[in-house]
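Taken from TrEMBL, the feature transmembrane segment applies to 31-52, 64-85, 97-118, 150-174, 180-201, 256-278, 298-317, 354-372, 378-397, 409-431, 437-456.
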Amino acid sequence: SAMRERKTTDPLHSSTDLSEGTEKLRLKQEVGLISSVSLIAGTMIGSGIFMSPEWILHHMGNPASSLLIWAACGLLAMFGALSYAELGTIIKESGGEYIYILRIFGSFPAFLFAYTSVILVRPAGLAAVCLSFAECAIAPFYAGCSSPQVAIKCTAAACILILTIINCLNVRLATSVMNIFTAAKLLALLVIVVGGLVLLAKGQTQSFQNGFQGTTAGIGAVGVAFYQGLWSYDGWNNLNYVTEELKKPEVTLPRALMIAIPLVTCLYLLVNVSYLAAMTPSELLSSGAVAVTWGDKVLGSWAWLISLSVALSTFGSSNGTFFSGGRVCYIAAREGHMPDILSMAHVRCLTPSPALLFTSAMSLIMIISGSFTSIVNFFSFMAWLFYGMTISGLLYLKIKKPELPRSYKVPIIIPIIVLLAAVYLVLAPIIDQPQAEILYIVLFIFSGIIFYFPLVRFKYHPRFLQRVTLHLQLLLEVAPTTRDAN
């Protein structure tokens, strides 16, 4: 199929044109290179590096092969990001996978992605990060025993509500919060890295002796280990969700990716080495929170700094997830795949507040009903299903549409590797250990057909929805956004 023509509206700037007697409302280009790097690194460095190492070691069976998984996940994230960078320079619109699937494959698959992403995938990712933030934040108040689930869920809900207020008020405020928290979490990881290097210099290398002994070989176990590792790297594609808000996107997008992802990968590997220098594999496996156990062993009375750092890190990551997740909802509504109210922006704050409020509400529902581990596995399966579809779209453009203008090109072997990895990650757990949950996920994706044909294909819009939209516009002080013709 050919590339779909773009619509003639584009929220690039916020401005008012009084000479023509019309007011044009647009999101502003306020995200520069530093904020772009912070958005990627700040979202990637969340709860995963502090909680996932024990699960990867559990599934792989030994330290050396678990480190290989961490390195492979970083390489795969880098390859995926470079592929997305080329897509972002061909299709210079916000929305990430949604807008790429829409322009390449058409309306129906794009709607299924938007329906699944807006209602389940993005809120699930945000809920998982906020739950891990809550666990870290309240752990010091329940020393020596496990934290009650009610307290964890209430704290996670409070985190989401605070993020909603920050992101609805101002884009610059949200990016400033990202920059500050990214700096804090990088400092925390550097403390762990330096502590590990000191331990290695003192000769604490017993965890690395016979490093490959007892390696797990099952494709399902390796696939689940990849899920846990890639959860720690999730966020590598976040910049593609806000392309229209980037300053000079054709330069900023690839440059930010090439800075942020190698930086995070190196830090993750060094932090894992530090954990293994401080703990034996059996100690690491029995630890509920690896970073906190490391702090108790290495920092002594200063161990509370690690708990604080983990809480700050997960809060910053949840802010980045929320910032980009709301944009998917906003762009899908702007293209007619979601209710009109979700495509509107606040008339003074110039933020897509209805989309952010909807994402917040769905995440709160996820927090009430789900647990961290179940949400991560469910999220990873769904995410890689659509990553694979998006990468296949890039391969289609490279082969069938080489004449399209692009300021950055990735070698074709890289998206091929990412596509093969996506196929493996989707199929391996199904083949090795089929679960009913995966069937439910697939059924949910295709349940979107029920809504697509009457509401999108045949444009049946009940009158009461128009009245509801009007009242919500007045209540939320929002208006439709416009785009200049390209």
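Glycine residues also receive a Cβ, built from the backbone N, Cα and C atoms like all the rest.
Remark: the transmembrane segment (180-201) makes no contact with the transmembrane segment (97-118), by the rule of 3 or more CB pairs under 8 A. Touching of the transmembrane segment (378-397) and the transmembrane segment (409-431) is concluded from the presence of at least three CB pairs under 8 A, sequence neighbours closer than 6 excluded. Counting same-chain residues at least six beyond the ends of the transmembrane segment (97-118), those with a Cβ under 8 angstroms from any Cβ of the stretch are 1, 3-4, 6, 87, 91, 237, 240, 328-329, 331-332, 335, 337-338, 358-359, 362, 382, 386-387, 389-390, 393-394, 396-397, 444-446, 448-449, 451-452, 456-457.
Using a cut-off of 8 Å between Cβ atoms, the transmembrane segment (64-85) and the transmembrane segment (409-431) share at least three residue pairs, counting only pairs 6 or more apart in sequence. Outside the transmembrane segment (409-431) by six or more residues, the chain places 76, 79-80, 82-83, 85-86, 219-220, 222-224, 226-227, 230, 377, 380-381, 384-385, 387-388, 391-392, 394-395, 398, 438 with a CB less than 8 A from a CB of the stretch.
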